[in-house]
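Take a look at the structure below.
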Amino acid sequence: MVVEEERSMEEGLLKLKNQNDTSHCRITACVILSTFVAVCGSFSFGVAVGYTSGAEIGIMQDMGLSIAEFSAFGSFSTLGAAVGALFSGKMAIMLGRRGTMWVSNILCITGWLSIAFAKDVLWLDFGRISSGIGIGLISYVVPVYIAEITPKHVRGTFTFSNQLLQNAGVSMVYFCGNFLDWRMMALLGALPCGIQAIGLFFVPESPRWLAKVGTEKELENSLLRLRGRDADISHEASEIQVGIGLMLIQQFSGSAAVISYASTIFRKAGFSVAIGSTMLGLFMIPKAMIGLILVDKWGRRPLLLTSACGMSITCMLLGLAFALQQKMQLLPELTPVFTFICVTLYIATYAIGVGGLPWVIMSEIFPINIKVTAGSLVTLASWSSSSIVTYAFNFLFEWSTQGTFYIFGAIGGGALLFIWLLVPETKGLSLEEIQISLTGQPDEISHM
């Protein structure tokens, strides 16, 4: 029985091995639909990230929250996501990629509805934690699912659409926060989860997961749907290795704090919150499109290096702007506009690289024999560090406005060195080729 299962698994892997060859692969309607359904969860992810910025004043006034209570509310999402990250890899392997997304939908919808109909702070915190756990699952399974269903020559572009829809969610909150109350925005956050839950009935499971569990017929049907009925489905494989460094860079460089509390930064600088939020909302999707276009043209490393450099410089300039305004009383009339420009540039440079590419690279370099453990660990590191930054930001901001951004800028400088020395280029390589380039040998089928 064991021999038969191993033989079935090997046959499945042989069907996957060369499927990613550019000359044999085309982008089918099923690949596009499957990616769209997957990134609906990413939209809800973005709404959760930007929600505290758009809802801050309304929630604090309506529910009578203190700064500490609101900071806790903001950080509970990332704390819940850290919990979700702990189970994301195991769940993705036990339930499959689609099954995990269904679970995340239940948690996110429950959480958003709890916030929308909250009667007191306990409802708010429960909703934030529930949706956070769902987001923790989404952050792992969506990029992995997309990377596993797309041909290698467009894998980066399709996987980066995860970041694009996250930005669309943030954009919606920034824009709609000017005329919708916080309860209505919570309902909007639940909507894409409902769309995804329905859409999952019409898309195939990841062929790589099907290969692992040995369901031969389902694997074949999945590949034929994704690659086309006349495609050669004789090969396609998955592969390996990286670290937590990119995720720590992503969070400790201040991204979660700047996006979650953009309105607080504008208010401190004396810039109109309504104008700033609206302009950022309009800017979010176009700037994410830049990374989407360039990821398979420039490659991962150039975009990451450009992104880290830009984030470091803009944070240093933000620190300087607040220092000139508060300590030296120089150019006070220019500080608000300068702050808005720097925040916009920070978010733009974050989006083209550090914002989305760590998830792309994670989905590419882990071999399937450690993908569960390593993926869960990296996702946990991301959300744990995000929780720390999100909770601590308001207190750091009160301690020293300029010092906060100097710290973020210094971390961005360290990120530049880390990327230069340690992050490999994966553009245009199949998952098997990435594995060989990193370890000198292909993934062992027996470990699958």
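Yeah, the Cβs are placed from backbone N, Cα and C, and that goes for glycine too.
Within the chain, the transmembrane segment (27-51) has long-range Cβ neighbours (under 8 A, six or more residues past its boundaries) at 77, 101, 104-105, 108, 112, 131-132, 134-135, 138-139, 142, 145-146, 149-151, 154, 158, 161-174, 182, 185-186, 188-190, 192-193, 195-196, 199-200, 202-204, 225-228, 256, 259-260, 262. What TrEMBL records for 27-51 (among others) is transmembrane segment.
Residues or ranges marked as domain 'Major facilitator superfamily (MFS) profile' in TrEMBL: 34-427.
Summarising the annotation, TrEMBL assigns transmembrane segment to 63-87 (among others).
Summarising the annotation, TrEMBL assigns transmembrane segment to 99-117 (among others).
The annotation transmembrane segment is assigned in TrEMBL to 184-203 (among others).
When Cβ-Cβ distances below 8 Å are used as the criterion, the transmembrane segment (271-295) is approached by residues 53-54, 156-157, 160-161, 163-164, 166-168, 170-178, 262-263, 303, 336-337, 339-340, 343-344, 347-348, 351-353, 355-357, 360, 427 of the same chain, each at least six residues removed from its ends. Feature annotation from TrEMBL assigns transmembrane segment to 271-295 (among others).
Feature annotation from TrEMBL assigns transmembrane segment to 302-325 (among others). With a threshold of 8 Å between CB atoms, the same-chain residues lying at least 6 positions outside the transmembrane segment (302-325) that come near it are 246, 249, 253-255, 268-269, 291, 294-295, 331-332, 335, 338-339, 342-343, 345-346, 348-355, 357, 401-406, 408-413, 415-416, 419-420, 423.
The list of residues near the transmembrane segment (337-360) in space but at least 6 beyond its ends in sequence, with Cβ under 8 angstroms from a Cβ of it, reads 139, 143, 147, 156, 159-160, 162-164, 166-167, 246-247, 249-250, 253-255, 258-259, 262, 265-266, 269, 271, 276, 279-280, 283-284, 287-288, 290-291, 294-295, 300, 303-311, 314-315, 317-318, 321-322, 382, 415. If you look up TrEMBL, you'll see 337-360 (among others) marked as transmembrane segment.
Summarising the annotation, TrEMBL assigns transmembrane segment to 372-393 (among others).
According to TrEMBL, the transmembrane segment annotation covers 405-423 (among others).
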Stretch-level contact, the transmembrane segment (63-87) and the transmembrane segment (372-393), CB cutoff 8 A, at least 3 pairs: yes
Long-range environment of the transmembrane segment (372-393) - Cβ separation under 8 angstroms, sequence gap at least 6: 71-72, 74-75, 77-79, 81-82, 84-90, 92-93, 132, 136, 139-140, 144, 242-244, 247-248, 250-252, 254, 256-257, 260-261, 358, 362, 366, 404
Intrachain residues whose Cβ lies under 8 Å of the transmembrane segment (184-203), provided they are six or more past its termini: 30, 33-34, 36-38, 40-41, 43-44, 47-48, 51, 54-55, 98, 101-102, 104-106, 108-109, 112-113, 115-116, 127, 131, 134, 169, 172-173, 176-177
Mean of pLDDT values spanning the domain 'Major facilitator superfamily (MFS) profile' (34-427): 82
